[in-house]
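The next block holds one structure in the form of structure tokens; read it before the comments.
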Amino acid sequence: MSNPTRVLVLNSGSSSVKYQLLDMSDGARLAVGLVERIGEETSRLVHTPLTGDGSAAGRERTAAVPDHEAALKAVAEELAADGLGLDSPELAAIGHRVVHGGLRFSEPTVVTDEVLAEIERLIPVAPLHNPANVTGIRTARALRPDLPQVAVFDTAFHTSMPEHAARYAIDVETADAHRIRRYGFHGTSHAYVSRRVAGLLGKDPAEVNVIVLHLGNGASASAVAGGRCVDTSMGLTPLEGLVMGTRSGDIDPAVVFHLERVAGMATDEIDVLLNKKSGLVGLCGDNDMREIRRRIDEGDERAQLAFDIYIHRLKKYIGAYYAVLGRVDAVAFTAGVGENAAPVREAAVAGLEELGLAVDAGLNAVRSAEPRLISPEYARVAVAVVPTDEELEIARQTYSLVTSAAH
Ligand SMILES: Nc1ncnc2c1ncn2[C@@H]1O[C@H](COP(=O)(O)OP(=O)(O)O)[C@@H](O)[C@H]1O
Ligand SMILES: CC(=O)OP(=O)(O)O
Ligand SMILES: [Mg+2]
């Protein structure tokens, strides 16, 4: 038999698993799916096998999925029902998104017991993400102990950040003793999107400077100069930076001492407050941008204020990264909000004409799954919408690692 060419990619988030099965011989997607609201009564699994002619018939089931292990087993069952099960001899590897790779991992890595232990050791700095990634790896390994499991780290792309961007201005000995520095996340997406933007401009990635705005439930901005990340908004953990669905992003760190000393809150409570009860949900009760826009259209003032705070922060980062880069060729919007919410793109760029930034209302309103420019012809800086594809990028890196290791 010829060598196996398929890669299963698992993108385990705090309450969801996104997955794709790809054939790397021709890049074809064989199945895509999502399990969401893991741990809730109303979990949902949507599994879509894709046929050669591109047609798709999704299957949906709603049932309580108590944890990530159960989620992965459900995914394995769905794949098996289409003859694409994990027992397939055509499977070459399983690629896992791992959010925190700390100082050690700057490349895709084949998971050994020791690598897994290091990913577990990093749980305190990615408490919402690394536990799910560990469970995903363990479960996949139990199902196919013979297959290489490859970890692709969110932090990897950001390891190129210069020291002056990566270091916090705190006592150096303390920082070094506890490996406190800015790591950055969503790196697979920032890398993929910044490269695609260069393609859209017909240029080599090494020639262009890009600000990437990854706006999903978690959100981060990055400044990419000639294909290398030079700054990003997330830090030691995925809490710093932009206003997110449930996370505060930047705050004065003294807010934490104040909540402890004056409000009598315990550290763990504050952690939950800032990670799960803040951001858009803390400001207006909703973290879904669709719902927030709907409420704004009905005249809801709390939703409007939440939106304004979200945009204000975004605009500050565009300005900051403009200054960091000196010359900007493109600003790219990606992920759930960035790809779909035209009002967010319009508002983030509004008033920045002096910086060469503008959005064409007609182009901005177009809905498409393709990367596209939304800036007017005359604008000095291109504004783009680039759908991210973390799974494809993880599959490529996974396949390239296992095929190069075989030679
Ligand atoms: N059509 C849409 N209009 C506006 N916002 C959307 C739309 N579709 C998705 N979103 C936003 O995208 C978010 C999810 O983004 P996604 O990148 O999938 O996040 P994550 O990977 O962090 O789970 C949702 O919470 C919602 O706010
Ligand atoms: C790192 C991070 O915030 O990831 P996500 O957006 O998937 O929550
Ligand atoms: Mg995401």
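Glycine is no exception: its Cβ is also placed from the backbone N, Cα and C atoms.
Pulled from TrEMBL:
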- N11, E390: Mg(2+) binding site (BINDING)
- K18, H214, L215, G216, N217, G218, D288, M289, R290, G336, V337, G338, E339, N340: ATP binding site (BINDING)
- R97: substrate binding site (BINDING)
- H186: site 'Transition state stabilizer' (SITE)
- R247: site 'Transition state stabilizer' (SITE)
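Annotated features taken from TrEMBL, shown on the structure.
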residue : record                             : DSSP class
N11     : Mg(2+) binding site                : strand
R97     : substrate binding site             : strand
H186    : site 'Transition state stabilizer' : coil
L215    : ATP binding site                   : strand
R247    : site 'Transition state stabilizer' : coil
D288    : ATP binding site                   : coil
V337    : ATP binding site                   : helix
- Task: Please determine which of the binding-site residues listed here (D288, E339) has the lowest count of neighbouring CB atoms within 10 Å.
- Result: D288
- Looking only at DSSP and grouping its letters into three states, which state does E390 (Mg(2+) binding site) belong to? helix
- Note on the structure: Whole-number Å distance separating the Cα atoms of D288 (ATP binding site) and R247 (site 'Transition state stabilizer') is 13
- Task: Would you mind reading off the Cα separation of N11 (Mg(2+) binding site) from K18 (ATP binding site), to the nearest angstrom?
- Result: 5
- Item | Cα proximity to N217 (ATP binding site), best match among recorded positions R97, H186, E390 | H186
- Query: Taking the binding-site residues one at a time (L215, V337), which has its Cβ surrounded by the most other Cβ atoms within 10 Å?
  - Reply: L215
- Query: Listed ATP-binding residues K18, H214, L215, G216, N217, G218, D288, M289, R290, G336, V337, G338, E339, N340 - what's their greatest C-alpha to C-alpha distance in Å?
  - Reply: 20
- Note on the structure: The answer for which recorded positions (H186, N217, E339) have a CB under 6 A from ligand 1 is N217
- R290 (ATP binding site) has how many other Cβ neighbours within 10 Å of its own Cβ? 12
- Query: Taking Cα-Cα distance, which of the recorded positions R97, R247, E390 are within 10 Å of L215 (ATP binding site)?
  - Reply: none
- Task: Out of the binding-site residues K18, R97, V337, E390, give me the one sitting nearest to R247 (site 'Transition state stabilizer') by CA distance.
- Result: V337
- Message: Give me the CA-CA distance between R97 (substrate binding site) and K18 (ATP binding site), in Å, as a whole number.
- Response: 10
- Using Cα coordinates, what distance in whole Å links H186 (site 'Transition state stabilizer') and E390 (Mg(2+) binding site)? 9
- Measuring Cα to Cα, tell me the gap between E390 (Mg(2+) binding site) and R290 (ATP binding site) in whole angstrom. 22
